[in-house]
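Chemist: Pulled these from Swiss-Prot:
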| type | residues | note |
| --- | --- | --- |
| BINDING | Gly555, Glu556, Thr557, Gly558, Ser559, Gly560, Lys561, Thr562 | ATP binding site |
| COMPBIAS | 59-92 | compositional bias 'Basic and acidic residues' |
| COMPBIAS | 103-112 | compositional bias 'Basic residues' |
| COMPBIAS | 128-201 | compositional bias 'Basic and acidic residues' |
| COMPBIAS | 222-239 | compositional bias 'Polar residues' |
| COMPBIAS | 240-263 | compositional bias 'Basic and acidic residues' |
| COMPBIAS | 300-310 | compositional bias 'Acidic residues' |
| COMPBIAS | 311-320 | compositional bias 'Basic and acidic residues' |
| COMPBIAS | 1157-1169 | compositional bias 'Basic and acidic residues' |
| COMPBIAS | 1181-1194 | compositional bias 'Basic and acidic residues' |
| CROSSLNK | Lys482 | SUMO2 cross-link |
| CROSSLNK | Lys483 | SUMO2 cross-link |
| CROSSLNK | Lys504 | SUMO2 cross-link |
| CROSSLNK | Lys1166 | SUMO2 cross-link |
| MOD_RES | Ser56 | phosphoserine |
| MOD_RES | Ser199 | phosphoserine |
| MOD_RES | Ser224 | phosphoserine |
| MOD_RES | Ser1194 | phosphoserine |
Amino acid sequence: MEDSGEDASLHRLEGTDVDSQVGGLIFKTKSAASEQHVFKAPAPRPSLLGLDLLASLKRKEREEKDDGEDKKKSRISSYKDWEESKDDQRDAEAEDSDQAGRSGRKDRHYRSARVETPSHPGGVSEEFWERSRQRERERREHGVYASSKDEKDRKKERSRDRDCDRKRDRDERDRSRHSGRSERDGGSDRSSRRNEPESPRHRPKDAATPSRSTWEEEDSGYGSSRRSQWESPSPTPSYRDSERSHRPSSRDRDRSVRSRYSDDTPLPTPSYKYNEWADDRRHLGSTPRLSRGRGRREDGEEGISFDTEEERQQWEDDQRQADRDWYMMDEGYDEFHNPLAYSSDDYVRRREQHLHKQKQKRISAQRRQINEDNERWETNRMLTSGVVHRLEVDEDFEEDSAAKVHLMVHNLVPPFLDGRIVFTKQPEPVIPVKDATSDLAIIARKGSQTVRKHREQKERKKAQHKHWELAGTKLGDIMGVKKEEEPDKSLTEDGKVDYRTEQKFADHMKKKSEASSEFAKKKSILEQRQYLPIFAVQQELLTIIRDNSIVIVVGETGSGKTTQLTQYLHEDGYTDYGMIGCTQPRRVAAMSVAKRVSEEMGGNLGEEVGYAIRFEDCTSESTLIKYMTDGILLRESLREADLDHYSAIIMDEAHERSLNTDVLFGLLREVVARRSDLKLIVTSATMDAEKFASFFGNVPIFHIPGRTFPVDILFSKTPQEDYVEAAVKQSLQVHLSGAPGDILIFMPGQEDIEVTSDQIVEHLEELENAPALAVLPIYSQLPSDLQAKIFQKAPDGVRKCIVATNIAETSLTVDGIMFVIDSGYCKLKVFNPRIGMDALQIYPISQANANQRSGRAGRTGPGQCFRLYTQSAYKNELLTTTVPEIQRTNLANVVLLLKSLGVQDLLQFHFMDPPPEDNMLNSMYQLWILGALDNTGGLTSTGRLMVEFPLDPALSKMLIVSCDMGCSSEILLIVSMLSVPAIFYRPKGREEESDQIREKFAVPESDHLSYLNVYLQWKNNNYSTIWCNDHFIHAKAMRKVREVRAQLKDIMVQQRMSLASCGTDWDIVRKCICAAYFHQAAKLKGIGEYVNIRTGMPCHLHPTSSLFGMGYTPDYIVYHELVMTTKEYMQCVTAVDGEWLAELGPMFYSVKQAGKSRQENRRRAKEEASAMEEEMALAEEQLRARRQEQEKRSPLGSVRSTKIYTPGRKEQGEPMTPRRTPARFGL
């Protein structure tokens, strides 16, 4: 290259002097002092001590020794080396002539390099370039061959070539220095030696740095010049490929510009640089390719030459060091080639800390836990196998691992449930749908779109900020405007909660009901009674009743069965020997019928005629006719097995087949067998009377003919997708048509009823001059004063529209109803064995239900029934009768009740329709788990207490255990909160705000404790409705919780159970919850995912749970229920300890102890099983003995003496005929 005057050190990256300054970029200024210093070779001086002679002597000895060894063995060498050796021989003369002319080199005059032009680009001809490439290809095709050529000759020849190379290298360095100066001074001459073989020192100038490389050549530099500031002990390998040294001129020009900088940043070699398939241009500064010798090149050009032996030796050492560096490099970096090697310690330390933080962030908590678990498992396996021994014990145990409890799971089944005893005759579960793919079934599953839309709007309206209200704002506070609290009706004057106020009907039923229909207005009560179909067959009916203990009475709806039968029996003298009881499936029905009968008899409600429902007993000592729900009669049978207070019992609306009705059938059948004086009358509206008759032993069936008024039934032409919308349209059409008479709409549930009522009112408001309509909803949760409204007469000129559940199907006689709109759906309680709970779901009604509903329209005049489903759906998609409740609900409470009534063998109990085997076994297993049944299936003392609570058995158990643990006050609140469906609501548009407020109540260990916290906060805020609305809590639900709590507290007081508080020690509360729900326990698996310990079923924390996202994931939890949505979500979760599970649920869990072997555990399990077998054998013997005793006694007649007179009966000391003939004796 030509000289150029500009300083080579200008704008160049310098290495950092570690001792003097901190790392950074340095721009040197132009000055004479900043010229790069060039070290000149010192003049050769002979050693004073003669060390140079000694060194040459040693070298000669080593060479002779090497010659001796090499003669003894042949060598395997490559074809390339053989070619090199031939070249070496050919070039031997060149070396001698070179050495001879070295002294006169200064006097020689070399031809100056020719300037490159586009027509004369320099370099060799294209023909030579092609020949060279051909030779290269041939050489690569050859393999490896054996050669015994003398190694010593080759070594000598090679070293001579290396001396030549080194000499030329030094010359070129000098030239490059001069050319650099000349370029800076403005000279534009190019070197004509571009295509000559380049020395190892010269090559790195072509290596691209990130600042200079093109996109193609990025990151391809390898080493730097040895004379740069970043000094490297290993030289960069030489690239002497003919392919590399003969580039097209444009590329060469580009490289010449880049190569003026002698110092390049060393870069790591990416892995792709080594590959065969990589682009050849990428070999710019990367891994060296195959070297083809150091002597004279094949094309005759001069190779590397060395001036002295020291230079040759130095060059060989450099090559060896380069190889060593290369193989010892880690990812292309080492201490010499690392551009950050000489950075300041402070910078390095900060960078390392930053990288360490990043590394910690990158690994997820889940991954870290998996790694730890794997490591522990591997260590454990190695220690167990005995391959290794632990030398050091880590005494600094992690806190969580020290406290971790491992549970072993057993599946213990008591002998009475292991299959040897059969409890039911119905093996398969019963599904309450005829065809799950039918239109009605699909629409029932989807629900109403109108209801969904209405719910969202209501929540949005409730949650929106009422900015127009001054109360609660700063301006309102200044003006003295305060928020008005809704008056709380359930609070008495002394501030206590009276939960019975909303459930009492007697106060609202005092007023005499006024007639609304023309029929009722024109006729007196006596005339109305005589008009009923039952009046025509009164005497026949009484005769059959007199002759038979059990009678089935079948009559269509409106025939007068419910109201007249009790009065006829009373008039016939049955009330002289005891009360006449009449059971109804629902509370409203019992209350309304009692009111009607009391009016017909001309007395006040609660005197001669009274009713008894849950929370309210409207009877007195003078009561002769008592209407009640079937649950009340069932409770009375607990206290008095033979029902001695009653002379006759009427089981009304038996076709409803409620759970309590079916149990009563079985019980009363036994009671009638024991009491020959008791009369049992079963009434039904449907024609399925043969089933009842055969159940009671082929008893007579009495039919009451005819219905009072005809009913016209109209079906829908097409299936209705949205039953609420269709019902609203139909009701408005009927109302606006102007025909007289009230409307009754049947809807599945409370929400549907409320939405339908609102929609009708909204649509009427949109119409001008629409006739007045009073919309009255009725469902079981409605306060009694509103329920009583439907029986009161509407103002003149106002039509009534009653929207009801199937509560209005039976016994509910509302005067004046002419139009019935039947949606075709109802809500049924169905047991889900998977979660072990009952759920209310919408299902299509049965044909029997449909007939009952249409019958409502013909009570007081001719009517119409609009069915919102097609005639084919009625025939093909509806079941004939409803599936009995006993076949679709949880039987735990029924089993408890039957056991408490003394029924030992459930297979012997007479069910009209036996419950499915799965349901029965599930219920009994659950009761055994909770300790209500012992190992033989007998009732325990805990079970006897559980019967008294109208709760799920698990909740009853929780209450009972809480008295022993001393936290009954807190558990009472939690149980009350769990018995109410939803406490919080999330309005659309304010979900995040709602969630944030909800989080304030969260107790991180338990959702149950969060509920407790909510109630206590509400109590501290004086049961405020405003507080509830501010915190997105249903105020109505909280009031319901307070009522349930008061009711349960009364039962606890009756049972003499202590009410105590544990204060702030809520761990006891968690343990108490664990005692009731240990069978629904789950253990941690991964992050946020749990699996049921017993079944292995995956369970996930619900996002609304207090434990979700709290950063606290306990190893063991128990949950209240499992809800299936997109995942299996647990609802109401509480963290528990592993020891609690083992202590409270020993039939499932035991703590894994290191000392105990598997054999010991197996032996213990065998002992437990044999102990249970002995108990079972003893129980079977006792049961056998009890049966034999019963067989010895006479099964006929009553055990006790009867006091009721019957025709033909003779008392001792009396004449054969009674003193007087009864007034109504005979036909």
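Think of each number as a place in line: the chain as shown, counted from 1.
Cβ coordinates are placed from backbone N, Cα and C, and glycine is handled just like the others.
What you are looking at is a predicted structure, and each value in this text was computed from that prediction instead of being measured.
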Chemist: Around Thr562 (ATP binding site), how many other CB atoms lie within 10 A of its CB?
Modeler: 27
Chemist: Around Gly555 (ATP binding site), which residues of its chain at least 6 apart sit with Cβ under 8 Å of its Cβ?
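Modeler: Listed in sequence order, they are Pro533, Ile534, Lys561, Thr683, Ala685, His703, Ile704.
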Chemist: What's the CA-CA gap between Thr557 (ATP binding site) and Lys1166 (SUMO2 cross-link) in angstrom, rounded?
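Modeler: That comes out at 62 Å between the alpha carbons.
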Chemist: By a simple count of other Cβ atoms within 10 Å, which of Ser56, Thr557, Ser559, the recorded positions in the record, is least packed?
Modeler: Ser56
Chemist: Tally the residues of the compositional bias 'Basic and acidic residues' (1157-1169) by DSSP class, grouping H, G and I as helix, E and B as strand, and everything else as coil.
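Modeler: Going by DSSP assignments, the compositional bias 'Basic and acidic residues' (1157-1169) contains 12 helix, 0 strand, 1 coil.
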Chemist: Could you check which of the binding-site residues Glu556, Ser559, Gly560, Thr562 is the closest Cα neighbour of Lys1166 (SUMO2 cross-link)?
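Modeler: Smallest Cα separation from Lys1166 (SUMO2 cross-link) among Glu556, Ser559, Gly560, Thr562: Thr562.
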Chemist: How many Å separate the Cα atoms of Gly558 (ATP binding site) and Ser56 (phosphoserine)?
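Modeler: Between the Cα atoms of Gly558 (ATP binding site) and Ser56 (phosphoserine), the distance comes to 136 Å.
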Chemist: Taking the recorded positions one at a time (Lys561, Lys1166), which has its Cβ surrounded by the most other Cβ atoms within 10 Å?
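Modeler: The largest 10 Å Cβ neighbour count belongs to Lys561.
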Chemist: For Gly560 (ATP binding site), which residues of its chain lie six or more apart in sequence with Cβ-Cβ distance below 8 Å?
Modeler: Arg529, Leu532, Pro533, Ile534, Phe535, Ile704
Chemist: Report, as a single number, how many Cβ atoms besides its own are within 10 Å of the Cβ of Glu556 (ATP binding site).
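Modeler: That number is 20.
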Chemist: Should Lys561 (ATP binding site) be counted as helix, strand, or coil on the basis of DSSP?
Modeler: helix
Chemist: Can you break down the compositional bias 'Basic and acidic residues' (311-320) into helix, strand and coil residue counts using DSSP?
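Modeler: Per DSSP, the residues of the compositional bias 'Basic and acidic residues' (311-320) fall into 10 helix, 0 strand, 0 coil.
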Chemist: Can you grab the distance from Ser56 (phosphoserine) over to Glu556 (ATP binding site)? Cα atoms, rounded to a whole Å.
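Modeler: Rounded to the nearest whole number, the Cα-Cα distance is 134 Å.
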